[in-house]
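Report on one structure; see the data block that follows.
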Ligand SMILES: NC(=O)c1ccc[n+]([C@@H]2O[C@H](COP(=O)([O-])OP(=O)(O)OC[C@H]3O[C@@H](n4cnc5c(N)ncnc54)[C@H](O)[C@@H]3O)[C@@H](O)[C@H]2O)c1
Ligand SMILES: O=P(O)(O)OC[C@H](O)CO
């Protein structure tokens, strides 16, 4: 597949970082942004200070508010917050020709329906050939050209391969996979677990507790993944364990830093009031809880995150409840 032009929906940190990478790789890039101010700033000053401060954007990146401009490109990347995917894909739909690829780059599960992003896309943009791009990648790192490696999943492996080759770049290595469920679950659930890891940090529970949280959190991802048909090598790979380690381990993560602030005693509304950026784990926690019930799997850490962010339980009570669970086999 020839990828000489790319349309990107979402002018936040990640959409802008991908635009920068693809422009540096020689692609024509058109970037749809939600706010008129963001469109103006990218076109007039080659900056996106609200979402990706400190990065001078390639002058060839053209920002737009028109979905028709996006649909005209060879490949479309969908990079909105997960809870907005349905709305932006529906807006794109009248302009989009059937059979063309649409690569979902959002990490989350729809809160209102419990659906994975690929299922939301199938309803909102039914003619698209869906793929998922996910893996350990901070926008600020990728936009500065630091090396990163991610996974692109597509049910048709040949198309996945050509998309990975068409979108990849020296410092953004893209591995392909046909396991769309595994790639989506890893990217969504790591955000919930990163809030928990941040709480452990903010509460100063120590490095041993932090490691235990990652390992037991991964056990929850693996359990749900197995129940939903994900492959274990996907869950162990870049989009699963790889992204879990990155996001739980760095306060550069919005999810981890939110958890840390909660653990330090700050109030959720006050933290969210100070940020423009999306913290996906808050919204995905509810959807994960629904999936855990539906597939009858135990996910006590994810459930504790939901109970904390929905105000059902205090952090101290959640920690007490996790630590007093009966001893059990490790599986
Ligand atoms: N930032 C990263 O490092 C990174 C890396 C990989 C994946 N992602 C994923 O990419 C997705 C987008 O995150 P981000 O970091 O680019 O966003 P961001 O937090 O930088 O910005 C929020 C975005 O939401 C948009 N927005 C707000 N209201 C909207 C609406 N009603 N409809 C459509 N868009 C709206 C804003 O215009 C902005 O583009 C998320 O799912 C995130 O998990 C982010
Ligand atoms: O800042 P976060 O927590 O949204 O994480 C960003 C990326 O998903 C890391 O891979």
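Placed from the backbone N, Cα and C atoms, the Cβ positions cover glycine too.
Around the Cβ of residue 190 (active site, proton acceptor), the number of neighbouring Cβ atoms within 10 Å comes to 33. The active site, proton acceptor annotation in TrEMBL covers 190.
Taking Cβ-Cβ distances under 8 Å and a sequence gap of 6 or more within the same chain, the neighbours of residue 139 (NADPH binding site) are 12, 13, 14, 16, 17, 52. Look at TrEMBL and you will find 14, 51, 107, 139, 254, 278, 280 tagged as NADPH binding site.
Feature annotation from TrEMBL assigns sn-glycerol 3-phosphate binding site to 107, 135, 137, 190, 243, 253, 254, 255. In the three-state DSSP assignment, the secondary structure recorded for residue 190 (active site, proton acceptor) is helix.
Sequence annotations record features per position, and here TrEMBL assigns domain 'Glycerol-3-phosphate dehydrogenase NAD-dependent N-terminal' to 6-158.
Annotation source TrEMBL lists domain 'Glycerol-3-phosphate dehydrogenase NAD-dependent C-terminal' at 179-320. Mean pLDDT of the predicted structure over the domain 'Glycerol-3-phosphate dehydrogenase NAD-dependent C-terminal' (179-320): 98.
In the three-state DSSP reading, residue 14 (NADPH binding site) counts as helix. Proximity of the recorded positions (137, 190, 243, 253, 254, 255) to ligand 2: a Cβ under 6 Å from the molecule is found for 137, 243, 253, 254, 255.
Report note: the NADPH site is defined by 14, 51, 107, 139, 254, 278, 280, and the residues of the same chain whose CB lies within 8 Å of the CB centroid of those residues, excluding them, are 12, 13, 81, 277.
Proximity to residue 190 (active site, proton acceptor), defined by a C-alpha to C-alpha distance within 10 angstroms, is shown by the following binding-site residues from 243, 253, 255: 243, 255.
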